[in-house]
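Annotated in Swiss-Prot:
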| type | residues | note |
| --- | --- | --- |
| SIGNAL | 1-18 | signal peptide |
| CARBOHYD | N75 | N-linked glycosylation site |
| CARBOHYD | N94 | N-linked glycosylation site |
| CARBOHYD | N151 | N-linked glycosylation site |
| CARBOHYD | N254 | N-linked glycosylation site |
| REGION | 271-297 | region 'Disordered' |
| CARBOHYD | N380 | N-linked glycosylation site |
| CARBOHYD | N450 | N-linked glycosylation site |
| ACT_SITE | S560 | active site, charge relay system |
| CARBOHYD | N607 | N-linked glycosylation site |
| ACT_SITE | D643 | active site, charge relay system |
| ACT_SITE | H675 | active site, charge relay system |
Amino acid sequence: MGAFRWLSIAAAASTALALTPEQLITAPRRSEAIPDPSGKVAVFSTSQYSFETHKRTSWWSLLDLKTGQTKVLTNDSSVSEIVWLSDDSILYVNSTNADIPGGVELWVTQASSFAKGYKAASLPASFSGLKAAKTKSGDIRFVAYGQSYPNGTAYNEELATAPLSSARIYDSIYVRHWDYWLSTTFNAVFSGTLKKGHGKNGYSLDGELKNLVSPVKNAESPYPPFGGASDYDLSPDGKWVAFKSKAPELPKANFTTSYIYLVPHDASETARPINGPDSPGTPKGIKGDSSSPVFSPNGDKLAYFQMRDETYESDRRVLYVYSLGSKKTIPSVAGDWDRSPDSVKWTPDGKTLIVGSEDLGRTRLFSLPANAKDDYKPKNFTDGGSVSAYYFLPDSSLLVTGSALWTNWNVYTAKPEKGVIKKIASANEIDPELKGLGPSDISEFYFQGNFTDIHAWVIYPENFDKSKKYPLIFFIHGGPQGNWADGWSTRWNPKAWADQGYVVVAPNPTGSTGFGQALTDAIQNNWGGAPYDDLVKCWEYVHENLDYVDTDHGVAAGASYGGFMINWIQGSPLGRKFKALVSHDGTFVADAKVSTEELWFMQREFNGTFWDARDNYRRWDPSAPERILQFATPMLVIHSDKDYRLPVAEGLSLFNVLQERGVPSRFLNFPDENHWVVNPENSLVWHQQALGWINKYSGVEKSNPNAVSLEDTVVPVVNYN
């Protein structure tokens, strides 16, 4: 690797520059850092969008874990995934296929001479989520996931026959989910083997891929829309595969129940659930969502999480460890811990587990014995920021990748007994777009809420001076079981909003996660109750205690449940405290909740079905006539056509009411976006309109000549008045 030039990615701290929407969107986005077996270097990918070329470029780099320097490994954007086979040997996915349109290829190469690799396999469809294990014979067993036909063959969209009719016919729900309409194809995990050749001959595909999921009727893995490689695992010896699937026997729109399945890599047996209703080891009364199966280093145990409730997606996750072949009840590990971890790894000796969990507005790492009793309290060994990935190094330390409110990429090493050991790289010291951002840009406070102390973040603007006053931005998060965390977001980034000339306050009210399950659960059938009280008390705390915040010219914004709360605030006394409101994809008409796709969510939140508990659905109705009569604050409504969680009719209904009531309002719509706005060009318009709207009514547009304006958007405005 010495033939490459290593580049330093450290830079001297400098005066912070305002983070503009353009900089937020075009700043390089890096993946997790994956170390090689020697622990000397780590590989990571980078992608970057340009508003000059209107294209995204991507490349792979190596990070020297000793010096923090990087070098480009390859500029080939078709390299989509990389897996280390040895200190220098790499297996990667080429997202194109020279022989099969719509297929992909597996290549083997060396990190020291990447361009000299060779094709080991041509796969007949699009696959991702590659995991691989070397066997004692030297063969490589691998798994990846793609789309499947009902008969188990891989689905290739480019080669599929286009139907003559666009009709869709359904006899059961789901009909649609998140942003897609369900069809007869589904996700499935496929297995394959790369056979090691003799002498100088390289690896080649041995036989055909095997579908490990399709033999189980109605199973699917990974489960869309957010499922991925964490939904399955390959044992270190390559013999077994574990995968998660929703319960095949239950209506998928009504239950969150899912099981962990175990199947031989060679598909010689049909996958069986280890925690299904008829499995001998299933813990009594545990019927909720299962997740994150991970094999132990010697492959004889499997760690995973499961929730208790079969209709509650935000129930507390509990860690379980299954012994392969055992018929005993699967034991929980630290089962009483009042946190909900969502990632797990075994230490190399198989005695300890490392888990990642939301905790007090962060995502931290904790360690615990693999056989810990239920009353054990896991120990945290990371602090600020939010961990997104972690890998063991040869010295038993962990290479951690994360982010914070002030950086979109942070790499460091840590150990359970020592905490953070060494900082290796951080984007705010690398990228000109994030130049000078740092921990001093944020603070936090607690205040007395409806029934307990509530946490809130404070994000300061560029060149903040506490002797001055800055208008308030009041951020309300979605979920509702979610939180504002010390982590980077390219969609709702409080620093980008603050740098228009505001102080952003982002509270974690009733319903928030990471502060104990009681706070999370307390929002059930209470959407406009305790959370609203918390927000009122937060506003009052800011008004009375933060002298540098101008609450007389404040604004509020929120998405999803946060959009609902903005709609609720519009008809409440708190709405008169703000100069402008921004509601993104929020529910407005109580009776429209039945049009969502994940019916378990609304039925659990409001304690019953739409017909049995109608009063509960209507209790917190922003569209109630008496509330509409209070609407007065200028409001931007954002809603997109492919949002099937909260259909676009919700936003249109709200806009219609605002217009007819004479409230200054604007409707922003994206026909090709879902619950989120992710296309870079659309994201720029989203930021220009949202920031331009609040700047207009807060007065920032006049006080800050560099502030974003509604006129910055090149899209024409339709106005027949």
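Using the three backbone atoms N, Cα and C, a Cβ is placed for every residue, glycine included.
Since we're looking at a predicted model, the values are computed, not measured.
Sequence-distant contacts of the region 'Disordered' (271-297) (same chain, at least 6 residues past either end, Cβ-Cβ under 8 Å): 212-213, 215-216, 219, 230-236, 240, 242-244, 247, 249, 256-263, 303-310, 312-313, 315, 317-318, 320, 322, 326-330, 332, 342-346, 348-350, 370.
Spacing of N607 (N-linked glycosylation site) relative to S560 (active site, charge relay system) is 20 Å (Cα to Cα, whole number). The DSSP breakdown of the region 'Disordered' (271-297) into helical (H, G, I), extended (E, B) and coil residues amounts to 0 helix, 8 strand, 19 coil. Secondary structure at N380 (N-linked glycosylation site), as computed by DSSP, is strand. When the glycosylation sites N75, N94, N151, N254, N380, N450 are screened for a Cα within 10 A of the Cα of S560 (active site, charge relay system), none qualifies. The shortest Cα-Cα distance between N75 (N-linked glycosylation site) and any of the recorded positions N151, N380, H675 is the one to H675. Each of the glycosylation sites N75, N94, N380 was scored by how many other Cβ atoms lie within 10 Å of its Cβ, and the smallest score goes to N75. Taking only the Cα positions, the spacing between N151 (N-linked glycosylation site) and N254 (N-linked glycosylation site) is 26 angstrom.
Within the set of glycosylation sites (N151, N450, N607), the lowest number of other Cβ atoms found within 10 Å of a Cβ is recorded at N151. Counting every protein chain shown, 22 other Cβ atoms lie within 10 Å of the Cβ of S560 (active site, charge relay system).
The CA atom of N450 (N-linked glycosylation site) is located 29 Å away from the CA atom of N380 (N-linked glycosylation site).
Taking H675 (active site, charge relay system) as the reference point, the recorded positions whose C-alpha atoms are within 10 Å of its C-alpha, out of N94, N254, N380, D643, are D643. Highest Cβ count within 10 Å among the recorded positions N254, D643, H675: D643.
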